[in-house]
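Visitor: First, the structure itself, so that you have it in front of you.
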Amino acid sequence: MDVVVDTGSIELVLPSLPCDLTSSGLSSRACSAASAPAAFLSNDSSTFTASSLGVNIAYGTGSASCAVAHDVVSIGELSAANVTFAACAETSGLNVTGSPVSGILGVPSHNPASSLGTNLWEALGATSIGIFQNRNNQTGALTIGGDEPSLYTGQINYNDVVNATSSFWELKLDAIHVGIQLLGLEELNPTVVIDSGTSVLALPVSTLDSMFSAVPGSQAIDTTAGQSYAVPCDMTLNITFTFGNISYVIQPQDIVQQGPITTGGLCQVNAISSDSISGIPPYILGAPFLQSVYTVYRFAPAAVGFATLSSQASDFSAKLTDALVPVNTSGTAQPAVSTATAKASGQSLSRGDQRPATGGANDQVHVSEWFGTPAAVFIAGLLFLSLAR
């Protein structure tokens, strides 16, 4: 199954069949899992268990009605037993038409007390994950337990997560520049959420106006996701975000969507007003920023590291493929502590100690990673949980 690797949410959320996994009333609701690009078939897994606890999960642009479940989960060449996840009969707004994405793999900065249980990262004993999101062809690479040196140059510069009580990866922002112009921000050193599950930049409307209104020929526009801007399709301005006194440049091709939206040759930017969406933080940096850097999310102590992309990253053009390994039907997978890999052109991008599980039938939960950037605004993170028995 293909899932969005989402640093803005907590749980592994999968469309699952059959629809009546619990006695919590979920079976009386619509069952969108039957039409998902792929669904987890719980009856085919000898190690699957579902509790009588139902859970409703709300995201920035979607929701899910699920049963709390446990099973062996495999990603890349690693497997872990007794991972807690949300097996969902009904999801809304979580998969993008035409994409292979079925579910969401949350990556919280820590596993909060409000979580469903032991998540995949805890079960694997992962200390960090490295993520590369490719701008060119909707592929990417995920390294569990370290980073992939071939995808960046220089050192990784870490920034401490500033809110120990939040599951978000929240950093203090030093500054934003458009070209050489320093933008005035609503507050000094605002908190920014780093969110791999969001396809846009979400910014306060005043920051959005400051960022794009000065671009010659730009126009403020209203979209279904909220206020945005249209700019000349050949805009060449770089936008720079500074963390820890180190500046990271977003390339114009990551900000400006391809293809004009008007006959005047204007293109929409990959940025929206966060004021338009209730309940989300003012500053969220999604794909436009993360496609311009290599990123490492460290769990303890919680920090986010950024590095400059290498030339090999720029040439990264292979289709991301599954790297799944069968695991025991008994659910007793070998421990996997440091690394999983994403495959590209059959070549494994990995670092550290691989301990793939071995054994019997291939009947547990398997997920593959997907780092595509859909044209539609997709804010997968920022969840809250509503538990019901």
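Cβ atoms here come from the backbone N, Cα and C positions, even for glycine.
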Visitor: For the region 'Disordered' entry in TrEMBL, name the matching range from 128-153, 336-361.
Guide: 336-361
Visitor: Between D6 (active site) and D195 (active site), how many Å separate their Cα atoms?
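Guide: Given the Cα positions, D6 (active site) is 7 Å from D195 (active site).
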Visitor: Summarise the model's confidence over the domain 'Peptidase A1' (1-307) as a mean pLDDT value.
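Guide: PLDDT averaged over the stretch: 86.
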